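Beneath this line is the structure, given in structure tokens, with notes to follow.
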Amino acid sequence: MAFKALAALTFAALQVTNAALIRRVTCADGNTVNNAACCSLFAVRDDIQQNLFDGGECGEEVHESLRLTFHDAIGLGSNGGGGADGSIAIFEDIETNFHANNGVDEIIDEQRPFVQRSGMTVGDFIQFAGAIGVSNCPGAPRLPVFLGRPNATAPAPDLTVPEPFDTVDSILARFADAGNFSPAEVVALLASHTIAAADHVDPTIPGTPFDSTPETFDTQFFVETQLRGTLFPGTGGNQGEVESPLQGELRLQSDSELARDERTACEWQSFVNNQQKIQNAFAAAFTKMTVLGHNVNDLIDCSELVPEPPVFTKAATLPAGLTHNDIEQACAATPFPTLATDPGPATSVAPVPPS
Ligand code: HEM
Ligand SMILES: *[C@@H]1O[C@H](CO)[C@@H](O)[C@H](O)[C@H]1NC(C)=O
């Protein structure tokens, strides 16, 4: 009897513990979440997927929204700034005049009505839009979502956002100052340039991508930045732009140098044809970046709102017409992975269509 009672009590206690661990909140719309504060995000997610990202594409607005997560978050360091606090949009008149922020006014203005009707703070919205947008890109990792960043009360200072013509020394120093990012984490963050194009580096060729697959979160960016450069008419010669071996592709001087610097070259090469690594390393580095200026323990984790991105399994390749001899080996420790070459004659990379 006594044993039975004790057993029953223990069982009840276990049930309580279990319930506390798995208790889910049911939102008014029927969705279930871990924290009631996440309920309002379902409608915001659907709104931006439909009306900002054109029904769930990995196009121009997603690329720009991801760039904006960085330009807002990196705005802090020894000269001040609040990190991921929305200051770039709240103080748009000031921060978009900083040279490195050229062009971000477009996505700030596109996002503004969505921010207004979301009820979110601006810093939360910018990071949320980036995480949801990236989930549309095949091969991407699921990025985390946190809530609770207060609206910025002051702009970030100038010169927090690195420029493509900055030296590797100054780029690594800036990331270390902003958030203690290691050189390996800087390389991981630059995986973002696999879904990216430039409008303003060379204004004569807007929408020119940094790799041949700007709508896929694959590792081609790490392959193609390692190719020997060839100067094509219309590319090269602008500030921060270096020659690219592929017609229609633009290579940033900073990406070119990070791919070849002894501090970062082996890490850069290690991403080639390693889909698991690009996913894990980018998600980890983004997780640090997205909460810059905040204590993550003060924020609410709403990551469960982020859809599972489409799977991508294609192996990395050398662009058509090229061989292993076109790789400019920079990592001294390990040889460049052996890759197949795309079939057919050399082709030109298409620009990212404007929205
Ligand atoms: C060394 C650091 C970095 C430099 C120098 C740099 C520089 C640039 C430049 C010059 C552009 C082209 C802008 C234009 O002309 O339209 C660009 C685009 C982009 N950057 Fe970076 N970037 C850096 C790091 C990052 C990081 C850490 C992220 C995100 C985690 C990021 C995400 C993007 C994206 C997604 C685009 C494409 C935007 C679009 O296609 O509209 N960048 N970056
Ligand atoms: C933050 O600013 C946005 C945009 O101005 C506004 O819609 C939102 O209500 C503000 N949130 C708070 C908590 O002040």
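Keep in mind that glycine also has a Cβ here, set from the backbone N, Cα and C atoms.
TrEMBL lists G83, D85, S87 as binding Ca(2+) 1, and of D72, D105 the one it places in that same site is D72. Looking up the ranges 216-235, 256-275, 336-355 in TrEMBL, the one annotated as region 'Disordered' turns out to be 336-355.
Note: TrEMBL links C27 through a disulfide bond to C39 (candidates: C38, C39). Among the candidates T194, T204, the one that TrEMBL lists alongside D211, T213, D218 as binding Ca(2+) 2 is T194. Of the cysteines C38, C137, only one is given by TrEMBL as the disulfide partner of C58: C137. Residues near D85 (Ca(2+) 1 binding site) in space but far in sequence (CB under 8 A, at least 6 apart, same chain), listed by position: D72, G75, V122, G123, R149, P150, N151, A152, G293. All protein chains considered, the CB of D72 (Ca(2+) 1 binding site) has 36 other CB atoms within 10 Å.
For the region 'Disordered' (336-355), the list of distant contacts is 54, 59-61, 63, 110, 197, 205-209, 211-212, 214-215, 223, 226, 246-249, 269, 272-273, 315-324, 327, 329: same-chain residues at least six beyond its ends, Cβ to Cβ under 8 Å. Residue counts for the region 'Disordered' (336-355) by DSSP state, with H, G and I taken as helix and E and B as strand, are 0 helix, 2 strand, 18 coil. Under 6 Å, Cβ to nearest atom of ligand 1: this is the test, and of the recorded positions R67, S87, D211, D218, C331 it is passed by R67. The Ca(2+) 2 site is set by T194, D211, T213, D218; from the centre of their CB atoms, other residues of the chain with a CB within 8 Å are I195, S212, P214, T216, F217, T219, Q220, F221, E224.
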